[in-house]
C-alpha cells in the first residue's frame, strides 16, 4: 500500500540507560538503535521519512542525517509525550504536502524491528480497512509496557499505560509495541485534541487510537516474532536482546555450512559474510563488513573489523582492521594489523607483529617482533625478528620499499624514505638509511667493544 510518511520517534533520553548519550545512539550488533530502525523503515519506501528529536537534538539529528541524507528532521518542543512528538511531525510534514495515504509511526528503541514485520503490518491494515492499526505482541512479563484492552469480541478498546492501569489491566499480557499505522487524515484529526490528563502529564499517542475509533475501525496485528518488537530500556535488556540476536546470527551461519565451535563466545555482526567450510573458533568478534573465505580458520580469540580473509587463510589470536589477507596466509598469534594492509597469498605475519598500510607480497614472511608501516614488500622476502620500518620523522610519514627475494637479518632498522632492491641480504643489526641496489649485501659497521672487569658505579 502507499506509504505517505514514516515517523520515527527518537526524542527521548532513556534515563534508565544511565548514559551521557541518548538511548537511540546505543548500538546492537554494530549499528545504533536509530540506524537499525531507519533501515527497516526506509526499505518500505515511504514518500517521506521523518525522525523526531528532542533530547540532545542536534546530536541525534546529525546521526540520522549522516546515515540517510534524505531524512526529514522534526524537533519536538518541551511539551512531553509521544502524542506531542507526532503532533510536531504532522505539523511539519503537512506544511509541505497534503498527506494522503498511510502513515507509519515507530519507536526507535526496538533495534531488531524488521522490514518483514512492518510489511505484514501494512498488509493487515490495508486488508482490514482499518483507520488505525497497532502492532502488538504477547509477553510473559509485560511490566513496563502499555496493555492492549479488548472487548468481549476481541475488538481493541484502548491502550492503557503501565502507570495508569488498574489491577485487572495489569494482568493483560498483550502489549503495545509503539508501532502504528494510521490513515493520514484520520491521524491528523485524532491528534488535534489530545489531552495530558494522565499520571505522567504527557500527551500519549495511544489516546489518538480512542479518538480514531469515532471515524474508523481500530485493529491490532500481533507480531509473529516477539524478538523483533522487543524494546530496550536499560543495559540489562540490551545485553539479553543482543545475546538472543547473536544466537540467531550464529545459527544462520552454521546452517549455511560454517563451523562455529562455541556460539556462546562468538559474536558476529549483521554485515559479516562467511563462506562455507570456514571455521570460527571460540572468543571471536566479527565486526563491520568482514568477509571470510571458504575453509578459512579464524580464532581463537580474534577480532576482525572490516577485514577480508581469503580462502584457507588462518588468523589466530589477533586483531585485524580493514585489511585484506590473501589465500592461505598465516596470521598470528598476537598480531595487530591496522587499517590499509594487503597481505599476499601464502604470506605470514607472526607473533607480536604490527602492520599499517603495508603491502606484503606473495610468500613473504614477517615472522615475529616487527613493525612494518607505510611499506611495500615484494614476493618471497623474509624479514628477521625485531625489524622496524621507521616511517615517522615527527611531522610526516615516509615510505619503505623492500623488493622480492630479500633476506633481512634480525634487528634491522629501515629509516624511511628508503628503497631496497630485489635479492638483497642485510646483516643482523643493520641500520639502513640509504637506498640499496638489487643483488647486493648491506650491513652496518657496528664495532663491538669489551671493557673487562667493569662494574657499575654503585658496586665499585
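Glycine residues also receive a Cβ, built from the backbone N, Cα and C atoms like all the rest.
Sequence annotations record features per position, and here Swiss-Prot assigns region 'Pyrophosphorylase' to 1-235. For 9-12, 23, 76, 81-82, 146, 161, 176, 233, 338, 356, 371, 382, the entry in Swiss-Prot reads UDP-N-acetyl-alpha-D-glucosamine binding site. The Mg(2+) binding site annotation in Swiss-Prot covers 109, 233 and rests on sequence analysis. Sequence annotations record features per position, and here Swiss-Prot assigns region 'Linker' to 236-256. If you look up Swiss-Prot, you'll see 257-460 marked as region 'N-acetyltransferase', on the strength of sequence analysis. Residues or ranges marked as active site, proton acceptor by Swiss-Prot on the basis of sequence analysis: 368. Taken from Swiss-Prot, the feature acetyl-CoA binding site applies to 391, 392, 428, supported by sequence analysis.
Neighbour density around each Cβ, counted as other Cβ atoms within 10 Å, peaks among the binding-site residues 371, 392 at 371.
Highest local Cβ density among the recorded positions 23, 338, 368 belongs to 23, counted as other Cβ atoms within 10 Å over all protein chains shown. Using CA atoms as reference points, the binding-site residues 23, 146, 176, 233, 338 were checked against the residue listed as 'active site, proton acceptor', and the closest is 338. The shortest Cα-Cα distance between residue 23 (UDP-N-acetyl-alpha-D-glucosamine binding site) and any of the binding-site residues 233, 391, 428 is the one to 233. In this structure the alpha carbons, written CA, of residue 176 (UDP-N-acetyl-alpha-D-glucosamine binding site) and residue 109 (Mg(2+) binding site) are 13 Å apart.
If you take the CA of residue 109 (Mg(2+) binding site) and look 10 A around it, the binding-site residues you hit from 9, 146, 338, 371, 392, 428 are 9. Each residue contributes its Cα atom, and for residue 9 (UDP-N-acetyl-alpha-D-glucosamine binding site) and residue 428 (acetyl-CoA binding site) these two points are 64 Å apart.
Reduced to three states, the DSSP call for residue 392 (acetyl-CoA binding site) is strand. Within 10 Å of the C-beta of residue 176 (UDP-N-acetyl-alpha-D-glucosamine binding site) we count 24 further C-beta atoms, all protein chains included. Comparing the binding-site residues 81, 146 on other C-beta atoms within 10 angstroms of each C-beta gives the minimum for 81.
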